[in-house]
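Down below is the structure, laid out as structure tokens.
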Protein chains: 2
Amino acid sequence: MERIDDVTIEGQQARSVWVYAFDQADPRDRTRLGGKGANLAQMVQWGLPVPPGFTITTEACKAFWQAGERLPDHLQSEVSMAMLRLERAAGKRFGDAFHPLLVSVRSGAPVSMPGMMDTILNLGLNDVTVRALAYQSQNPAFAYDSYRRLIQMFANVVFHVPLDPFEHVLQSAKARHGCKFDGDLAAGAWKEVVATCLRVYAERVGEPFPQDVHTQLRLAIEAVFRSWRSQRAMVYRKLHNLSEDLGTAVNVQAMVFGNIGEDSGTGVIFTRHPATGERALFGEFLVNAQGEEVVAGTRTPQPIAELAIKMPTVYRSLITVAHQLETRFRDMQDVEFTVERGRLYVLQTRNGKRTAQAAVKIAIDMVHEGLIQPQEALLRVDAQHLRQLLYRRLQSTDGLAVLTKGLPASPGAAVGRIVFDANTAVAWAGRGERVILVRPETTPEDIHGVLAAEGVVTLHGGMTSHAAVVARGIGKPAVCGCDDLRIDMEKLTLCAGEAMLREGDWVSVDGGMGMVFIGQGTLAEAQMANELNELLAIADQVRRLRVRANADTPEDARRAREFGAEGIGLCRTEHMFLSPARVPLVQRMILATHAVERKAALDELLPLQVADFTEIFRVMDGLPVTIRLLDPPLHEFLPREEELVANLGRLRAKATSESEIAEVEQLLCQARYLREANPMMGLRGSRLGIVYPEIYDMQMEAIVIAAAQAVESGIQVELEVMLPLIGSTKELRHLRERMEQVGQAVMERLGVTIDFRIGTMIEVPRAALTADEIAEDASFFSFGTNDLTQMTYAFSRDDAEGKFLNVYFDRDILSSNPFETLDTRGVGRLIRWAVESGKSRRPDLKTGVCGEHGGDPASIAFCEELGLDYVSCSPFRIPVARIAAAQAALQHERIG
Amino acid sequence: MERIDDVTIEGQQARSVWVYAFDQADPRDRTRLGGKGANLAQMVQWGLPVPPGFTITTEACKAFWQAGERLPDHLQSEVSMAMLRLERAAGKRFGDAFHPLLVSVRSGAPVSMPGMMDTILNLGLNDVTVRALAYQSQNPAFAYDSYRRLIQMFANVVFHVPLDPFEHVLQSAKARHGCKFDGDLAAGAWKEVVATCLRVYAERVGEPFPQDVHTQLRLAIEAVFRSWRSQRAMVYRKLHNLSEDLGTAVNVQAMVFGNIGEDSGTGVIFTRHPATGERALFGEFLVNAQGEEVVAGTRTPQPIAELAIKMPTVYRSLITVAHQLETRFRDMQDVEFTVERGRLYVLQTRNGKRTAQAAVKIAIDMVHEGLIQPQEALLRVDAQHLRQLLYRRLQSTDGLAVLTKGLPASPGAAVGRIVFDANTAVAWAGRGERVILVRPETTPEDIHGVLAAEGVVTLHGGMTSHAAVVARGIGKPAVCGCDDLRIDMEKLTLCAGEAMLREGDWVSVDGGMGMVFIGQGTLAEAQMANELNELLAIADQVRRLRVRANADTPEDARRAREFGAEGIGLCRTEHMFLSPARVPLVQRMILATHAVERKAALDELLPLQVADFTEIFRVMDGLPVTIRLLDPPLHEFLPREEELVANLGRLRAKATSESEIAEVEQLLCQARYLREANPMMGLRGSRLGIVYPEIYDMQMEAIVIAAAQAVESGIQVELEVMLPLIGSTKELRHLRERMEQVGQAVMERLGVTIDFRIGTMIEVPRAALTADEIAEDASFFSFGTNDLTQMTYAFSRDDAEGKFLNVYFDRDILSSNPFETLDTRGVGRLIRWAVESGKSRRPDLKTGVCGEHGGDPASIAFCEELGLDYVSCSPFRIPVARIAAAQAALQHERIG
């Protein structure tokens, strides 16, 4: 970077280290110049109409903090030199009684922190220069108004004096003079206002407003540096995971005035529509106004198209500038401009914020326009952000009162009338009503209600509760754990605070936000526009990671293929046990007191499982399907103990037949026997398969029969059987050998050969720690990062999310939710170890992630770094995963 | 080792690789010779009276298995050569019609497997040689009886024919001839018996008894090799963790006969008393009998002292031999001998099995006798075994019927009368009764009953249930999870199967075995004999690892010091919350709806905690005390939900006052609010400290006040404050900083300075994985291996031990219980990583183990290997740990 070293002060040559003029700075050095400074330098160097100025680097900010909130001496002399040069460029002098130079002082961090940092305008005005400005502009009202603005902004930014007392001065002056608008005040009145403001200033600050313009400048620079550590800036950085060490730069720029008359003005434009991505100028402007007024919203600006009528020449220039900026920055720009006496100045430009929809459209349009390469288009979208395109959403929540806020258990939105039990849900839905099922919690017995409803709300249970899991699986919105709601099942009412709803009342559910609103909102459908498909096609060419789906049913599988899944990475067989028709069979199997009886119940389940699998194979023709054998503890298939006890009480009160009572008693007895202190770590997964081998035998038999039927009808089956909750190689070997035997026996019986591979979930820390041994018995590892995160942190997700994670976020003990974004330091270390040591024993080991992290962009980037083969996520996340995988591949290539 | 290479067969010189004569083998080579063979060679080479013979090595056994259960040709020729040499030494020939050599063929593995392997005697007898033996011995009955024995033993060992049909032949012959004893049968009758036995043999085996003596020998050797893989041998090896690859040797030895007349006999002696360790010959003998008869118990042998009267010369020789053996083998010997016509032969010697008490006494006596070095004495005891000396035990359970078997939740024994609730326990104990508290399960509300009772029996709950933890802490026996018991609280009866006991009936409890007996057994007190103290003193000089105690109360601490603890490694503060007087305060604290109210309840707890800590500091004067802040979830301090519901029902039925009902309702409401899906992974430990900071604040304040009081009264306090369930360095830093501030504030208030160090439990896998970061905020790591094992395996101990660990042991998926012996492969890998990476950041990091593994010898050996600083275990385990630590140091030195 060139330095301001051609300026001499009193013959002395000095090298600048902290201060760079716009026309001499290296625009690529955003770290030191900040985003705003770099863009100003860039625009100046491209010859765009930018008022001259200079940037004080972020390193000066660090030096300021290191020196104990003091500007180092050398910095002060560098600023003096830069001001000399600026005076020369502007043809005015700072503090001059005839041609005073006025400047703005603005912060500009390396990363955009909109609205977070401080700005002071009109610096250089004092009792003397204000008169010169009045004379030069032939507009005393403008000059004094500018001075007033400086005084109050300066008091506010430098000394944290609130704005109200100054505003009050202006308001009472207007009242006194019977004026409605600022512009109506006469010059004399303005002088009075300024005098009063100076008095207010002196009272509030404890010393007079500095008449020395260099003091003004020094204090302003210090204030901007100090604002880096303001409460709001720190909160923002925390929220966005930004480093505290970046520091901010300061931009000092000659003022231009949009409030100098009717031939002046100020505005903001986006070079394309930030909501839709449409290619047309979008923005607004105010005549005879300063920039702050647009932002502050004190006056209502006009649409930018009006400018074509009001100032056609300026408008044409603006179009040219917008085109230039977009072409040169190669992205949609958010531009602040000012018109001073008919002349256009660009004050700032940056890449414009945009909706997910706009991001996709703009990226693809720019590829078509030849502005960017297809791969660049990929990096122009925030993959996480894309999710909102894939679900229905509430068009607007204006006018809807919030009923409650719970956990965002399953994304998407729904609108319907509330019902309180599954049977009513089915009945109402049967006659064409849209219903929302509201339950204390859901159990397998409610599943027909969940299927019939548009969405589900529960009072208890977390992100992994039954309702949440089922709803996510079938892509319906759910809000869980709304523990401020109360249901009265007698009166059929639902209360939250003061609000009371009755059965049949309308509510609107936003599962992605975890919100429930009172009333009937309007839904907006999900959008998979052509541009998104085009972007996905680009992603598919770039990415290395395969993307599979977590899909448990043929419907899931179909949806997954539509979204571009390249296989099923996790087919949970337990969900097949939960359909209402099967629950009695499953319960009989659980109630069996010995293996023979259990086998009989399982024999009845067998053909049903076969049918499920056959259909899934048919849908996934030619793609791999990973079927996980039964995982959850058996008591999950029984009604809750409390419910059984209550039920028993009712039956007894009604003097029901003995046999009916006995049946419930037996269920209760078994539920109590199966009760566990910590079911997450109890009799489930492979342990279930070892203790009750008949269950896995049946499942394996069903899988092989289904595969054989599929193959017979010309379907290509690529089968992977996955064993859950493995903790040691002996568990795995025991089950693998048994499953191979069962598979072999079935194949011999049917006279067919089905190729299948057996692998394991890695979801228990010990499995990861002994992955070298485990790899000898597994042909693939699928990291079950949900459970692995739970065990590694010793966080029960259901308990943690309700009881302490919020406190952890508040106290900055956790910066992100490890159940959403993979904890690379702890859990990631286990995964890395498992991949490396597993591959050391079995180089062709296939590896993937099938936890919820499989759909999270940051986690996908980590999977790319580790060289996993695939990620698997819920069908609705697949487009996100495809984009994120491609982005990760590009990033990895860049680093690697 | 020298080889039998001086024997030529038909002029051909052959090198032996698998067969070694006793006088030529190298006795140090136990791996190849087996224990018995090595000892026989040793005795022969020391000149002791041992019949000549040779050993076929364990490598031949492996070759046999590798060759598909066939003796390799070369082995057969080596055996032939060795037999030639044996014939020369014995002055008889194998199969000779006049001077037939008879041999025994016995197995002998490198590690003793008593009674597990097969033996055949009298090999070499056939229809011809039996006549020569009859002639030579002048005792045809003896000769034919020997032949009969060979036939049936051969049929049994080689062809697995049961013994009964042969025994039946003998019994019916005796009946036919009207004889009571075998010896009464005449020679003619014996010939009949043999002829019949040969017929039975041919029928059962399908071919005649081999008359060719070399065939006999070959088949016998093969049978011994084959017995290595017999069911019972494999079960034994599994039980004792012995390798399948060792193989067994075979010893072929010239027969001597104890059953040749009244001047002959056979017996077994121990050179010291195997139960008490007393230094005197102990054993028994049978006149005119073969060794198998002593073992089989068909005749009742006489005490060895009788031999001094019956055969004084032989007895004197035996004393000399015993002394020689003990001096030379430097350990107590278990010796088998035979007297043939007044001449003593030693057939076998081995280190004798002994009780823990005998092991200690013998080891220390031998040190005093100068026979072994003090350090060797340490390796002569099984540390695990020593536990039985430290608890009271049931002297005998003869005559006591088993009531039930449950989990061995807390060791020791107790005898008392059953009561069914805590209040009755206290009342009865108050009037001097010994009581056993029997409860469905215990809660904090029962603690006064547990304290008053001699022992506890519960129907539900596992090794970590409340009853188990409390009982272990106070050293009382407990048997938990006796789920076949039924209590009827109305009738005050206890049933198990057919048995029914009433309140007040006597039971005897063995907490170490998990047994409950009906009736009043006799207790034997714990023994800490002088010899044990002497051994412990030796251990203390040898060991590097410090041994601390897990002690929660001043009583625990006192006991711990008596047992030799060098500090407290884990003082659990929650137990201080559980005393009956404090439960109401603790519940008030939990019911508090905001911090101020909670603080008020905590303020009342403060002085109580101060008193606890002060007394503990006083007891531990000069030794480190590690205090862990509150760990368990708060709902553990509330009554169980079911109990509250039942209670509420009762109160309502009785129309109790509204306020009383409201109180219970509030408790129930809070219990429901605090309910967790997986409390093990819920709101506990440091999470509790972060969410409810007032609790840890109070504890820290109490600790510092107590330390100040102790220091004031001249006590030396070495304080360590431990934060539980840390999973990330941010959690730790947050709490460390807060605790330091609280500590500082209290010290300033009191005007004192107390040195304290803050460290953390490593019990969450993530803490171990990120130990490098965590070490920056912790001055010590104490591995909480109980929870670390639970999380690493994803085993909830309470659920696993009841529901599937047994199946895992049965199916050989687990070979030992990871909650008893540390899993070095998985959990150990985490610990190793944590120690190494922790020390890389903080070289002076102190490390220890405070889980139950801290008292387990195998786990202690691992701690030594990792170079930890200390282990901490329950007071009763401390002597075990001291010995085990010393043994580990010696082993480590030997390897390292």
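Including glycine, each Cβ sits where the backbone N, Cα and C put it.
In this model, the domain 'Pyruvate phosphate dikinase AMP/ATP-binding' (B:32-68) carries an average pLDDT of 94. What TrEMBL records for B:32-68 (among others) is domain 'Pyruvate phosphate dikinase AMP/ATP-binding'.
If you look up TrEMBL, you'll see B:71-304 (among others) marked as domain 'Pyruvate phosphate dikinase AMP/ATP-binding'.
Summarising the annotation, TrEMBL assigns domain 'Pyruvate phosphate dikinase AMP/ATP-binding' to B:317-369 (among others).
Under the heading domain 'PEP-utilising enzyme mobile', TrEMBL lists B:433-514.
Reduced to three states, the DSSP call for B:H466 (active site, tele-phosphohistidine intermediate) is helix. Here TrEMBL flags B:H466 as active site, tele-phosphohistidine intermediate.
Summarising the annotation, TrEMBL assigns domain 'PEP-utilising enzyme C-terminal' to B:530-888.
Within the same chain, the residues at least 6 positions away from B:D787 (substrate binding site) whose Cβ sits under 8 Å from its Cβ are B:M680, B:L725, B:M761, B:E763, B:V764, B:G851, listed in sequence order. Sequence annotations record features per position, and here TrEMBL assigns substrate binding site to B:R572, B:R628, B:E763, B:G784, B:T785, B:N786, B:D787.
According to TrEMBL, the Mg(2+) binding site annotation covers B:E763, B:D787. A coil conformation is recorded for B:E763 (substrate binding site) in the three-state DSSP classification, outside any helix or strand.
Cβ environment of B:C850 (active site, proton donor): B:R548, B:N550, B:G569, B:L570, B:T626, B:M761, B:S782, B:F783, B:G784, B:T785, B:V871, B:S872 lie under 8 Å away, each six or more residues apart in the same chain. The active site, proton donor annotation in TrEMBL covers B:C850.
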Alpha-carbon spacing, B:N786 (substrate binding site) to B:H466 (active site, tele-phosphohistidine intermediate), which is rounded to whole Å: 15
Distance [Cα-Cα, Å, rounded] between B:H466 (active site, tele-phosphohistidine intermediate) and B:R572 (substrate binding site): 14
Recorded positions (B:H466, B:R572, B:R628), the one with most neighbouring Cβ atoms at 10 Å: B:R628
Recorded positions in contact range of chain A, given that the Cβ distance is under 8 Å, out of B:H466, B:T785, B:D787, B:C850: B:D787
CB contacts for B:T785 (substrate binding site) [other CB atoms within 10 A, all chains]: 30
Outside the domain 'Pyruvate phosphate dikinase AMP/ATP-binding' (B:32-68), six or more residues from its ends: residues with CB under 8 Å to it: 4, 17-26, 75, 78-79, 82, 85-86, 89-90, 103, 106-112, 221-222, 225, 228-229, 245-256, 317, 321, 324-325, 328-329, 343-350
Considering the domain 'Pyruvate phosphate dikinase AMP/ATP-binding' (B:317-369), which listed stretch of B:71-304, B:433-514, B:530-888 counts the most C-beta pairs under 8 Å: B:71-304
Residues within 8 Å of the B:R572, B:R628, B:E763, B:G784, B:T785, B:N786, B:D787 Cβ centre (excluding the substrate site residues themselves): B:L570, B:D631, B:P724, B:M761, B:S782, B:F783, B:L788, B:C850, B:G851
Per DSSP, three-state class assigned to B:T785 (substrate binding site): helix
Other CB atoms, at most 10 A from the CB of B:E763 (substrate binding site): 27
